[in-house]
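Asker: Got these off TrEMBL a minute ago, pasting:
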- 4-352: domain 'Isopropylmalate dehydrogenase-like' (DOMAIN)
- 75-88, 281-293: NAD(+) binding site (BINDING)
- Arg95, Arg105, Arg133, Asp223: substrate binding site (BINDING)
- Tyr140: site 'Important for catalysis' (SITE)
- Lys191: site 'Important for catalysis' (SITE)
- Asp223, Asp247, Asp251: Mg(2+) binding site (BINDING)
Amino acid sequence: MTQKIAILPGDGIGPEITAQAVRLLDKLIAQGLDAEYEYAPLGGAAYDQYGSPYPEATQTLCRAADAVLLGAVGGPQYDTLPRPVRPERGLLAIRKDLNLFANLRPAVLFPELADASTLKPEVVAGLDILIVRELTGDIYFGEPRGIRTLDNGEREGFNTMRYRESEIRRIAKVSFEAAQRRNKKLCSVDKANVLETTELWKEIFTEVSKDYPDVELSHMYVDNAAMQLVRAPKQFDVIATGNIFGDILSDQASMLTGSIGMLPSASLDENGKGLYEPSHGSAPDIAGQNKANPLATVLSLAMLLRYSLKDEARAAQVENAVQKVLQQGFRTADIAEAGAKVLSCSQMGDALLDAL
Ligand code: NAD
Ligand code: IPM
Ligand code: MN
């Protein structure tokens, strides 16, 4: 059956980077991939068109799709809108609506980019870690939340960090299974020395570990994990953590790969349906200049082919194309060594198309 893909370019550099991935998708379809795609707006683009960051038309398309490919959302022009209609709310809403609780963010260093990292090449050479971030709970969604005025007239902002056992258990299973397919080491990151929510997190991970005796489970406080990620990142195989810690640690881990423009992600539900997007944002500072790195988005397309379309061969084909253009010395500005020839976003797309 023809697989349906929803494409949500979003805001800022979103349309530029998504366009490169779609060019590759077009070629794969021309070569026989049984898939079709349709565009819909999300984020600021959707707000501009429909007054909502996750409008009904987008909901309908994405619910019916087998997979969703997203660029990025957000921009300074939307930062003063009421919170419920801001672009970021649209992103949170689609994650929740599609039950995309498992966010996989692989930080893999392509050997050609060892010098692009701000860390010493020997610290990052051979790096291959997977961050499993819980995506539909935690302080991102916990109620109550808001800004209220106290009796003395002072305002107070408040959010609530919450996790239910069932939410922790299902992300623990995903994490252990991912570790089983890799080097069988799982580090659960928490702040159990201070926060009850993550004390429960730690307890459930320990409990679930009994079902995975072949996986070595360790625990680490998030502050230490942030330090260890830059001190000796290769000690990690799979890192599992909650929504907010995973957001922060994955941006940090991206620099181990040379640039945030290299870090793809898959956000999965319980049945293999997924949303695929680069881990970075809409990069307003370089939007519209055709200089963003499209590789994180292209690698997200590879994850889409692997996890939702179950097409390992084409997923590998896309990843090999990325490897090849890097071997050929093609670089966008964010990963270029001094003196290297810098390609635009669409020129990188040209090179990828040739390599595919
Ligand atoms: P950002 O990730 O957009 O940008 C951070 C820095 O990284 C910028 O200097 C940017 O130019 C650079 N960068 C990011 N992606 C790049 C790429 N592909 N190639 C080259 N350079 C790249 O983070 P920010 O500036 O904190 O946020 C900007 C907007 O994006 C905000 O509105 C934020 O809410 C939103 N955001 C959206 C997502 C998402 O859609 N998943 C993720 C993060 C931030
Ligand atoms: C990400 C982003 C989002 C998040 C924002 C834009 C809501 O930073 O995808 O990492 O915090 O999850
Ligand atoms: Mn983030």
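Each Cβ is built from the backbone N, Cα and C atoms, and glycine gets one as well.
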Asker: Near ligand 3, meaning Cβ under 6 Å from any of its atoms: which of the binding-site residues Gly75, Arg133, Asp247, Ala283 fit that description?
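Answerer: Only Asp247 qualify.
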Asker: May I ask which residues of the same chain, at least 6 positions away in sequence, place their Cβ under 8 angstroms from the Cβ of Pro87 (NAD(+) binding site)?
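Answerer: Expected: Gly10, Asp11, Leu42, Gly43, Gly44, Ala46, Tyr47, Pro53, Val73, Gly74, Gly75, Tyr78, Ser282.
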Asker: Provide, as an integer number of angstrom, the distance between the C-alpha atoms of Ala283 (NAD(+) binding site) and Tyr140 (site 'Important for catalysis').
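Answerer: So the alpha carbons of Ala283 (NAD(+) binding site) and Tyr140 (site 'Important for catalysis') sit roughly 22 Å from each other.
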Asker: So if I draw a 10 Å sphere around the Cβ of Arg105 (substrate binding site), how many other Cβ atoms end up inside it?
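Answerer: Total other Cβ atoms inside 10 Å, all chains included: 25.
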Asker: Listed binding-site residues are Arg83, Arg133, Asp251, Ala283, Lys291; which sit with C-beta under 6 angstroms of ligand 1?
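Answerer: Checked binding-site residues vs ligand 1; flagged Ala283.
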Asker: Determine, for the Mg(2+) site, the additional residues of the same chain whose CB lies within 8 Å of the mean position of the CB atoms of Asp223, Asp247, Asp251; present them in sequence order.
Answerer: Val222, Ala226, Ile244, Phe245, Gly246, Ile248, Leu249, Ser250, Gln252
Asker: I'm trying to understand the geometry here, so how far is the Cα atom of Arg95 (substrate binding site) from the Cα atom of Tyr140 (site 'Important for catalysis'), in Å to the nearest whole number?
Answerer: 11
